[in-house]
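Some features that TrEMBL has for this protein:
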DOMAIN    15-147  domain 'dUTPase-like'
BINDING   R68, S69, G70, N81, T85, I86, D87  substrate binding site
Amino acid sequence: MKISIRRLTNGEGLPLPSYASDGAAGLDLYAALPAGQKLVLEPGARDLIPTGVQIALPAGYEAQLRPRSGLAVEHGVTVLNAPGTIDCDYRGEVKALLINHGGQPFEITRGMRVAQLVVAPVTRAILVEAEELDETARGAGGFGSTGLGDAGE
Ligand SMILES: O=c1ccn([C@H]2C[C@H](O)[C@@H](COP(=O)(O)OP(=O)(O)OP(=O)(O)O)O2)c(=O)[nH]1
């Protein structure tokens, strides 16, 4: 599928988002911070990271902005609102909301791959209001109602 992408001024000189391998599901997004600027995420802090691009998804698709597992496992840094939703009618800059759950300050610099974008189809629901819903074995049970143990206790 082709998706129109536009590089913003802050994205000039950075690679466009790209798949890191033939089978990668996500396009890696690059931090479009000003050259030479370091953004330090202190433990517990969050910040919105510009990526220097805007995209126009086809109708019927969204893009999910997801964490990179390497940043999460190495530094405790993840996407706070994961998965972030990029709507097909959004034309602003794609931004990643990162949070540092680790114990050390985390430094972000221009060109760092901070998150990834997975394009996915969207099913739009037509809600039909009803007086009653059909009955099921689960009923209103949830939040661990079937047990939390490995053996389903
Ligand atoms: O991680 C994200 C999440 C969202 N967006 C952009 C694209 C998305 O289409 C728009 C709105 O996002 P969302 O629908 O999650 O925001 P909202 O809080 O519901 O605000 P709005 O009223 O603007 O929809 O912001 C990003 O760039 N990064």
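Just so you know, glycine gets a Cβ as well, placed from its N, Cα and C.
No curator has checked TrEMBL annotations; they are predicted automatically.
All features noted in TrEMBL, drawn onto the structure.
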residue: R68; record: substrate binding site; contacts (Cβ under 8 Å, 6+ apart): D28, R113, V114, A115, Q116
residue: S69; record: substrate binding site; contacts (Cβ under 8 Å, 6+ apart): none
residue: G70; record: substrate binding site; contacts (Cβ under 8 Å, 6+ apart): none
residue: N81; record: substrate binding site; contacts (Cβ under 8 Å, 6+ apart): L97
residue: T85; record: substrate binding site; contacts (Cβ under 8 Å, 6+ apart): E62, A63, Q64, L65
residue: I86; record: substrate binding site; contacts (Cβ under 8 Å, 6+ apart): I55, L57, E62, A63, Q64, L65, V94, L117
residue: D87; record: substrate binding site; contacts (Cβ under 8 Å, 6+ apart): L57, E62
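Helix, strand and coil counts under DSSP for the domain 'dUTPase-like' (15-147) come to 7 helix, 50 strand, 76 coil. Contact annotation for binding-site residues (R68, S69, G70, I86) versus ligand 1: I86, each with CB under 6 Å from a ligand atom. If you take every residue in the domain 'dUTPase-like' (15-147) and average the pLDDT, you get 97. Residues R68, S69, G70, N81, T85, I86, D87 are recorded as binding substrate; their most distant pair of Cα atoms lies 26 Å apart.
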